[in-house]
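Notes to accompany the following structure.
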Amino acid sequence: MPDNILVAVAWPYANGPFHVGHIAGAYLPADVFARYQRLRGNRVLMVSGSDCHGTPITIAAEREGITPQDVIRRYHPTFLKTFQTLGISFDLFTQTYTDNHYRVTTDIFLRLLENGYLYKETMVGSYSETLGRFLPDRFVEGTCPNCGYPRARGDQCDGCGHLHDPQDLIAPRSVLDGAPVTFRETEHFFLDLAKLEPQLRAWLDSVDRSYWRPNTLLFTQNWLREGLRGRAITRDLEWGVPVPVDDPTFKDKRIYVWFDAVIGYYSASIEWAQRSGAPDAWQEWWVCRPDGSSPARSYYFIGKDNIPFHTIIWPAILIGYGDLALPYDVPANEFLNLEGDKMSTSRNWALWAPEIEERYQSDAIRYYLIANGPETRDSNWSWADFVQRVNSELVATWGNLANRVISLTHRNFGAVPQPGALIDADRQLIAATQQAFEQVTTLLEGVKLRAALQEAMALAQTANQYLSDQEPWKLVKSDQERAATVLFVALRTVDTLKTLFCPFLPFSSQRLHELLGYSGTIAPQPYVEETDAPDGAPRLILTGDYTTEAGLWTPSVLAPGQPIHAPAPLFQKLDESIVADELARLHAKVRS
C-alpha cells in the first residue's frame with residue numbers, strides 16, 4: 001500500500017517578495033521531496049500558505065498608512081507567481097487570513113484550555129510611551145544579550161538564533177519611532193510547556209532520531225536541557241485571530257502569531273480536503289489510528305531559525321490537543337549567503353526571486369540551489385559559481401549527454417533501436433545505472449537532496465564516458481548492430497536519469513520525457529485558483545493535480561521501436577559576462 005506523506009512547508013510572512021535564501025531554505029527542498037514521493041506512488045499532501053498575522057505585516061502597514069489586508073494582497077500573489085515559475089508543486093498554498101483557519105485555531109485554543117494546558121498569567125509587555133500602546137515583540141529591537149548583535153528582534157536574534165523576551169534585550173527601542181521602550185504588566189494566556197514536557201520527552205525518546213539533521217537534533221536537545229517553561233500565546237494586538245474567551249480583559253488582545261502560524265499546517269490540510277470534495281480526507285494524514293500510531297509520515301521543511309517551534313512547541317500543541325500525528329522529521333536548512341555575505345533585506349543585499357526567475361531558466365535556478373544548498377551548513381550564492389556549474393554540469397554534462405544520445409538515435413534509427421549482444425562495457429553501464437538508481441532512492445528517502453543530485457550527475461558523467469569510449473557516431477557507419485546496442489544502452493540510462501532528475505529539474509525532465517516518445521505528464525505543474533477572503537475580496541491560492549506522476553519512479557523500461565523525436569537543447573549556456581552584469585546590478589541596489 002502507498003504511504004501517506006505530509007509535506008508541511010514554512011509559512012512566509014506576506015510582507016515582501018522572496019529572495020533565493022527563502023527558496024533554498026524551505027520551498028524548493030520540499031518540492032523536490034514531494035515530487036519524489038509522488039513518483040514513488042505515495043499519497044502526498046504538500047501544504048503551506050502566507051502568514052498574514054506576522055508582525056512584519058503590521059509594521060509595513062503602519063509605515064505606509066494602509067491595512068494589513070492591503071499588504072497581504074500586494075505580496076501573496078507574488079509568492080504564487082514565484083512558485084508557479086519555479087514549479088513548486090503545492091497541493092494547497094493558502095493563507096492564515098481565512099474563516100477556516102480562524103475556526104481551526106479557535107478549536108485548538110479551546111481544546112488546550114479544556115485539557116488544562118493553558119493558563120493565565122500577568123507578564124511584562126513592551127510599551128511605547130510616545131505612542132501610548134503596547135508593542136508586539138517584533139516592534140522592539142535592541143542588542144542581543146547572548147551574542148551582542150545590535151539589531152536583535154524582541155522575540156529572537158537574527159545573529160545567533162537565540163529566543164528571548166523583549167525585556168532581555170539591552171537598550172530596547174521601538175522600531176516605529178526609535179524611542180526607548182518601557183515595560184508594563186499585562187495579562188495573557190500561556191501554553192504550559194512545563195506540564196507537557198514529560199510527554200514531549202517521551203515522544204522524542206520513543207525512537208532513535210539520529211536520522212534528523214544534526215543541527216535540528218542539537219537545537220531540540222539544548223532546549224530540553226534548559227527545561228521548558230510556559231510561553232505566552234496571546235498578545236496586545238489589534239490584528240490576528242481573536243482570543244475566544246468571554247473575558248473583557250481579552251477583548252482587544254489576539255492570539256500570538258507563532259501559535260496560529262504552526263496551526264496553519266493543520267488548517268490548510270482541512271481546507272484542501274474541503275476544496276477537494278472529500279471534507280474528511282485530511283484525517284488520513286492527521287488523525288492517529290486506534291493504536292495511537294501515526295497515519296502518515298510528516299515532514300516539516302523550515303529554516304534553522306524555526307527549529308524549536310517545530311520540534312518542541314508544535315509537537316507540544318499536538319500532544320495537548322490529542323490524537324493528532326506528530327512530526328516524523330524536521331529537515332531544517334541552514335542559511336544561504338550572497339557573495340560571501342549574509343543576506344539583508346534592510347540593506348537590499350539580496351537576490352530577489354521575481355527578478356532572477358525572469359532572466360534564467362527555472363531548472364537552472366533549481367539545480368544550483370539544490371547542488372549548492374544549505375542542508376547541513378550555511379552555503380553561498382556566487383554568480384561566478386552559478387555560471388560555471390550551469391555550464392559545466394547542466395549544459396556540458398547532463399544536457400550534452402541527453403542531446404547526443406537522442407540526436408544520434410533520431411538521425412540514424414528514428415526510434416529506440418533493437419540491441420544486439422552486450423559486451424562488458426554495456427553491462428558495466430547497466431549495472432552503474434541500477435546502482436545509481438538505488439543510491440539516489442536511498443538518499444532521497446533520507447532527505448539528503450544535495451547528495452542525491454550529485455549521485456545522479458555522477459551517473460551522467462559515467463554515461464558520457466561510455467559514449468566517448470564506444471563512439472557510436474563512428475559505429476553507425478561501420479557496425480549498425482553495435483551502434484544500435486550502444487545507443488539502446490545509453491537511451492536506457494538517459495531515460496533512467498530523466499526520472500532521477502525529475503524531482504530536481506521538472507521542466508527539462510518533462511521535455512525529455514516527450515522527446516523519448518512518451519505521452520502523458522511526468523512533472524505536472526501547479527496553477528492558481530481564485531476564492532474569497534473573509535472580507536469578501538478575491539483571494540488567490542495555488543494548487544495542482546499531480547496524479548499523473550504517481551508510480552513512475554522506476555528504472556527505464558524503454559522498449560525497441562518507441563519513437564525518438566528530434567531534440568532541442570534542454571539548457572541554455574550562460575555567457576561569462578553575466579557575472580559582471582549581475583554583480584554590478586547587485587551592488588547598484590545595496591543600501592548602507
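For all residues, glycine too, the Cβ spot is worked out from N, Cα and C.
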Checking feature assignment: motif ''KMSKS' region' per Swiss-Prot, candidates 292-296, 342-346, 547-551. Which range matches?
342-346
Would you please say which range out of 12-22, 144-154, 331-341, 463-473 has the annotation motif ''HIGH' region' in Swiss-Prot?
12-22
Cβ neighbours within the same chain of Cys160 (Zn(2+) binding site) - under 8 Å, at least six residues apart:
Cys144, Asn146, Cys147, Tyr149
Whole-number Å distance between the CA of Thr345 (ATP binding site) and the CA of Cys157 (Zn(2+) binding site)?
15
Distant-in-sequence Cβ neighbours of Cys157 (Zn(2+) binding site), under 8 Å, six or more positions away:
Cys144, Asn146, Cys147, Tyr149, His164
If you count CB neighbours within 10 Å, which one among the binding-site residues Cys144, Cys147 has the smallest count?
Cys147
Suppose the Zn(2+) site is Cys144, Cys147, Cys157, Cys160. Which further residues of the same chain have a Cβ inside 8 angstroms of that site's Cβ centroid?
Pro145, Asn146, Gly148, Tyr149, Ala152, Asp158, Gly159, Gly161, His162
According to DSSP, does Cys160 (Zn(2+) binding site) fall in a helix, a strand, or coil?
coil
Composition by DSSP (helix, strand, coil) of residues within the motif ''HIGH' region' (12-22):
3 helix, 2 strand, 6 coil
Under DSSP, the motif ''KMSKS' region' (342-346) has how many residues in helix, strand and coil?
0 helix, 1 strand, 4 coil
